[in-house]
Amino acid sequence: MPPLILIRDICFGFLDRTNVTVITLTASFVLYTRSAGVAYFSVGAVFCSFSVKALKKIIRQPRPPHIPGRKLKTSFGMPSTHSTSISYFATYILLASLYLPIHPSLGPVLASRILPPLITLPWAVAIVMSRVWLGHHTWPQVFVGSSYGVAFASVWFSMWTRGWNEVGKEVEGVFNPLIDRFVVDVLA
């Protein structure tokens, strides 16, 4: 197999299963920061994903014709759940990097503000485009999915900055000492 074809297949394989990577990174980030804001962001991602899956069952638009040699998807295609979810992630991370204070558990301010969008935005574009390249969706399906994810993230972020962040501070104040005690008592 020519090297470029091998590289392409490896990249497509990674992009096709990127949901596992995104879920693992998100769970790790929640555990590392123990931030109510990060937990809120994660809950929003779950709500976004479930709501678009429900919408998909209402619209009931089929996926494009199956490409031989590719995994056959049996669910409906409109809108693309992957495109919705990764667009939610990219949008919320960009907004958080621009407007929210840096959590104390994170490193230097400049790196915490610039690196996350620099990583997530191109990754999101690659994932969205790969859904069409892999034959899982049409361009309209990924466009609608991406638009849904951007809109959902914008509304979810707005809710956080308009009051839910204060609730989050209270939750952190209650749970972080309990987590610290658990770590000392059980893991030490």
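Keep in mind that glycine also has a Cβ here, set from the backbone N, Cα and C atoms.
Automatic prediction, not curation, is the source of TrEMBL annotations.
Now, the feature entries from TrEMBL:
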TRANSMEM  38-55  transmembrane segment
DOMAIN    38-157  domain 'Phosphatidic acid phosphatase type 2/haloperoxidase'
TRANSMEM  76-102  transmembrane segment
TRANSMEM  114-134  transmembrane segment
TRANSMEM  141-160  transmembrane segment
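Confidence across the domain 'Phosphatidic acid phosphatase type 2/haloperoxidase' (38-157), taken as the mean pLDDT and rounded to a whole number, stands at 85. Outside the transmembrane segment (76-102) by six or more residues, the chain places 18-19, 22, 26, 37, 41, 44-45, 48-49, 52-53, 55-57, 59-64, 109, 112-114, 116-117, 120-121, 123-124, 127-128, 131, 136-138, 140-150, 152-154, 156-157, 161 with a CB less than 8 A from a CB of the stretch.
In the domain 'Phosphatidic acid phosphatase type 2/haloperoxidase' (38-157), the DSSP tally of helix, strand and coil residues is 85 helix, 0 strand, 35 coil.
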